[in-house]
Amino acid sequence: MTEVRVRFCPSPTGTPHVGLIRTALFNWAYARHTGGTFVFRIEDTDAARDSEESYHAILDALRWLGLTWDEGPEVGGPYGPYRQSQRRELYLDVVRRLLEAGEAYESFSTPEEVEARHRAAGRDPKLGYDNYDRDLTPEAIEAYRAAGRPAVVRLRMPDEDLTWTDLVRGETTFKAGTVPDFALTRGNGDPLYTLVNPVDDASMKITHVLRGEDLLSSTPRQLALYAALRRIGVADFTPEFGHLPFVMGQGNKKLSKRDPESNLFAHRDRGFIPEGLLNYLALLGWSLADDRDVFSMSEMVAAFDISKVNSNPARFDQKKADALNAEHIRLLEPGDFAHRLRQFLTEHGHIGADVDEKVFAAAAELVQTRIVVLGDAWDLLRFLFAPADEFTVDEAAAAKNLGADAVPVLEAAIAALEPLPGWATPVIEDALKTALIDDLGLKPRKAFAPVRVAVTGSHISPPLYESLELLGRELTLARLRSGLEWARQ
């Protein structure tokens, strides 16, 4: 079997979106599964829309997710350069060879002339190009040139059905005549995507083209161009094609770049970890097993088969994505989780380098099973790490839990904790249970809610006794006294 070579070739426009990264993931997984090569190529031929900022955002996204490429920008490879903007001379040479071989021709018709011919023949004026210039005489061509009329170069489409066996959708046919001769260049001679994409695939020996369903309709054009490229010696073979299902958003509409959940970095900013997001993106068209949604990337690579990709549209379900991310957070080794959480909270400006490493690791362990995304952790840990002058008590929690009936509870808690010889979780737990449950006869919720709110500022926190140990005796007692003052008002 020929070594599998797949490619991911985004245009550097805008912010990376989940559909784009799903395509990268499936190509990467197929390359790793087969022991093949994952080629990363940048399609930056649209100077008006392309940006270096977007280019670097794509690099950032792939690196964050661990989707490493074998050939491409910043890595190199035998078929470079890997940016289309640096390959212009190659494309122009291919255009010249196609023209010389009669595979392509110059077309001078304007859109207005094409529409007029359709109307005159009683056809829909929006049908598109009508192949009129295929058989222009040399005299007509010279007359157009003498008049200074620009020409696009068009490929001669075959007068026969175009059929291929799609790796996802099975046998697919476009009837003869349904795809007109299409432009390979602009009127100014600049090569178009319709030319450069297959030429790059051919020159980089791409064996499998795995891409979104939105590009399905361009496949007949690419097949016809490949046939011409093989006849002129540019291509050695025609790759296999597989079209991945649409990703749908709310209301069963195709997920748009404008939909917030489509923005890859919005998920990262919330605190998704790569394992969780990749696991969910893998499920947008593929599954490891019917009864198993949670899996690692190594498990995906071992099992990934492009023929098992579902052709039906996949719906982006934020709740399911969140749930999978929570599962992957729980699966992290505690030290790894603490490192990632610390990095996240530091990058978001919540904590600084002065936070004690052991204290942070212990705090992280308390919240690892209680969060969905890393961003959830700050609300739970703010009471420990926010500067003292920024500590506040949630007003709704205080109104409910720091009323007059909290006075005896907080007085008893202070009296129980003040004289403790040591400050460790078991000692704190024993002292509070004795003072509040045994001596005051309170139910646990009534006993501990005022303590929790006074000390953490919220009715939701990590486990109480462990939290008090980490906060320390001095701060714990100070906050209990402040809570007592509040309750007495």
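Positions of Cβ are set from backbone N, Cα and C atoms, glycine also.
Pulled from Swiss-Prot:
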MOTIF     10-20  motif ''HIGH' region'
MOTIF     254-258  motif ''KMSKS' region'
BINDING   Lys257  ATP binding site
With DSSP as the yardstick, break the motif ''KMSKS' region' (254-258) down into helix, strand and coil residue counts.
0 helix, 1 strand, 4 coil
Does Lys257 (ATP binding site) have same-chain partners at least 6 apart in sequence with Cβ under 8 Å from its own Cβ, and which are they?
Gly14, Thr15, His17, Asn263
Using DSSP, how many residues of the motif ''HIGH' region' (10-20) fall into helix, strand and coil, respectively?
3 helix, 1 strand, 7 coil
